[in-house]
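These come from Swiss-Prot:
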TRANSMEM  4-24  transmembrane segment
TRANSMEM  67-87  transmembrane segment
TRANSMEM  135-155  transmembrane segment
TRANSMEM  179-199  transmembrane segment
TRANSMEM  254-274  transmembrane segment
TRANSMEM  286-306  transmembrane segment
TRANSMEM  382-402  transmembrane segment
TRANSMEM  420-440  transmembrane segment
TRANSMEM  487-507  transmembrane segment
TRANSMEM  528-548  transmembrane segment
Amino acid sequence: MHSYDYWLIIAFFAVVLVPAPFLGRFYYKVMEGQRTWLTPVLGPVERACYRLSGVDEQQEQSWQKYMLALLAFNLAGFLLLFAILLFQDYLPLNPQKLPGQEWTLAFNTAVSFMTNTNWQSYSGEASLSYLSQMAGLTVQNFVSAATGLAVLVALCRGIGRKSTKTLGNFWVDMTRATLYGLLPLCLVLALFLVWQGVPQTFAHYVDAVTMQGVDQVIPLGPAASQIAIKQLGTNGGGFFGVNSAHPFEDPTAWANLFELAAIILIPVALVFTFGHYVKDLRQSRAILGCMLALFLIGGATSLWAEYQPNPTLNNPAVEQAAPLEGKEARFGTTGTVLWSVTTTAASNGSVNGMQDSLNPLSGMVALVNMMVGEVIFGGVGAGMYGMLLNVLIAVFLAGLMIGRTPEYLGKKLQAKEVQLLVVTLLVMPVGVLVLGAIAASLPGPAGAISNPGPHGFSQLLYAYTSASANNGSAFGGFSANTPFHNLMLGLGMLIGRFGYILPVLALAGSLAMKKTAPIGQNSFPTHGPLFVTLLTVTILLVGGLTFLPTLALGPIAEHLSMGF
């Protein structure tokens, strides 16, 4: 590693951790309707939205009504995007006259962007019109991120409130999350990216002749606006097929740094938002400590693995520093590894190199980051409510060990809450192991694997893990654009999204109705090093014990077979 690599890592953490506490407080004030510095500008717009849609911002909802509103909104978004993708050849802003998507691919794409997964079985510049990218995908990037933020806020209210049946108003939370939480940051980042060289235009693709005399089509489009929200909203779906490895998506070192930091900026800020809701920022610091510990363990492992020479090229005539296959030379090994670990620690899925080219241990780190439920920062809202589920599981285990009724911040965890927690523990195994086993056992779907042996199994395992974790990244050698995989991966995305959201809202409703008992000396503290250790071990054990056999068949077997 060179000095540049160390400065990149330091700058990355600085850009994320310095503004995060202030942004977290801002989100708390926004979501609770308190006045902020943006209120004079956006307040009239917010009130106009309520008047036009007939929403009473003072009318709160029970968890059941909140859930129904969320499901109805997401269904409407799916149907609209599905229609746009099917009939894009009849719609405007299609200068390349691209045809509509085949229906299983359109289903997969619509589910992918509605669930904040952004799995892409297509190449954007070769398959989608400007309208589909802008009015279809970009809109869903905003509202899917806002949905996750709204669910987190509902859970925070459930934990922080007492003896109430309401969790807020879904329509109000969605409006505030989009208007205040996402749009201003995206505007700033989009303008910055345009300055750095990312295109934002409706012009036709450019026909050019290369220095070798070969004709080439250079794709353009309204890319900067979509890239801003794909990073900040932990969406990850690229405007271009190779995502942020494309020079039009990630043209400079500065663009690379801020796009990378944008992946986890809001998820880290929302950790502090939770602390404001429960009036105890010590809880936020403990949770963030756990997230950082898991992130640093994975990052260090991945960096070490990627700087090892490839033993299959163990030849004195071959000089090796670090394997560069699948990496952009302008970003280098450290820049690619840092992005790989960050994009899978958050449910982002964007890449600036090829995940399929990672060494086996680095690929395993990416898999484990997703298998633990995308709780190491995770998606906007989704990562934090996933982490809070693990916090409650850790509290329950601590209660069993010391022989007391488990409680968290004065709320007792009883049979109903534990049952809901168990339901969430089954989401990833069902999505990854059940759906993945079906795909692996059938000769047709298994034909999507491009490599024999352990790496081929890793390709399939990665695809179904990514879909179920709502991540969206992929091992590029996996040919996913088949009717079977389009439908099965779409099902995995739905399970991974709503298999968490529905129990989380039910849990929030149950906790909101409980009284808060005073926290005494005999209560198990959830803000110290002991609890951080317990929480970290809980996350690793739940994920590790469930998926260790599949990891042994994939990346671990590949690592050993290569002779590392």
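Glycine is no exception: its Cβ is also placed from the backbone N, Cα and C atoms.
With a cut-off of 8 Å between Cβ atoms, the residues of this chain six or more beyond the transmembrane segment (254-274) that come close are 8, 11-12, 15-17, 19-21, 23-28, 31, 145, 149, 152-153, 156, 181, 185, 189, 192-193, 196-198, 227-228, 231-234, 244, 281, 283-284, 287-288, 291, 331, 335, 338-339, 342-343, 345-346, 348, 350, 352, 377-381, 383-384, 387-388. For the transmembrane segment (286-306), same-chain residues at least 6 beyond its ends with a Cβ under 8 Å from one of its own Cβ atoms are 1, 268, 271-272, 274, 322-323, 333-334, 336-338, 340-342, 345, 358-362, 365-366, 368-369, 372, 375-377, 384, 387, 391, 526-528, 531-532, 535-536, 539-540. Contact between the transmembrane segment (487-507) and the transmembrane segment (4-24) is not supported, since fewer than 3 Cβ pairs fall under 8 Å when only residues 6 or more apart in sequence are counted.
Residues of the same chain lying 6 or more positions beyond the ends of the transmembrane segment (420-440) and with a Cβ under 8 Å from any Cβ of it are 371, 373, 389, 392-393, 396, 446, 457, 460-461, 463-465, 467-469, 484-485, 488, 491-492, 495-496, 499-500, 503-504, 506-507, 510, 542-543, 546-547, 550. Counting same-chain residues at least six beyond the ends of the transmembrane segment (4-24), those with a Cβ under 8 angstroms from any Cβ of the stretch are 257-258, 260-261, 264-266, 268-273, 275-276, 284, 332-335, 338, 342. Counted over residue pairs separated by six or more positions, the transmembrane segment (179-199) shares at least 3 Cβ pairs under 8 angstroms with the transmembrane segment (135-155), which defines the two as touching. The list of residues near the transmembrane segment (67-87) in space but at least 6 beyond its ends in sequence, with Cβ under 8 angstroms from a Cβ of it, reads 61, 100-101, 103, 105-107, 109-111, 113-114, 128, 131-132, 135-137, 139-140, 143-144, 147, 150-151, 170-171, 174, 498, 501-502, 505-506. Sequence-distant contacts of the transmembrane segment (528-548) (same chain, at least 6 residues past either end, Cβ-Cβ under 8 Å): 286-287, 289-290, 293-294, 367-368, 371-373, 375, 390-391, 393-394, 397-398, 425, 428-429, 432-433.
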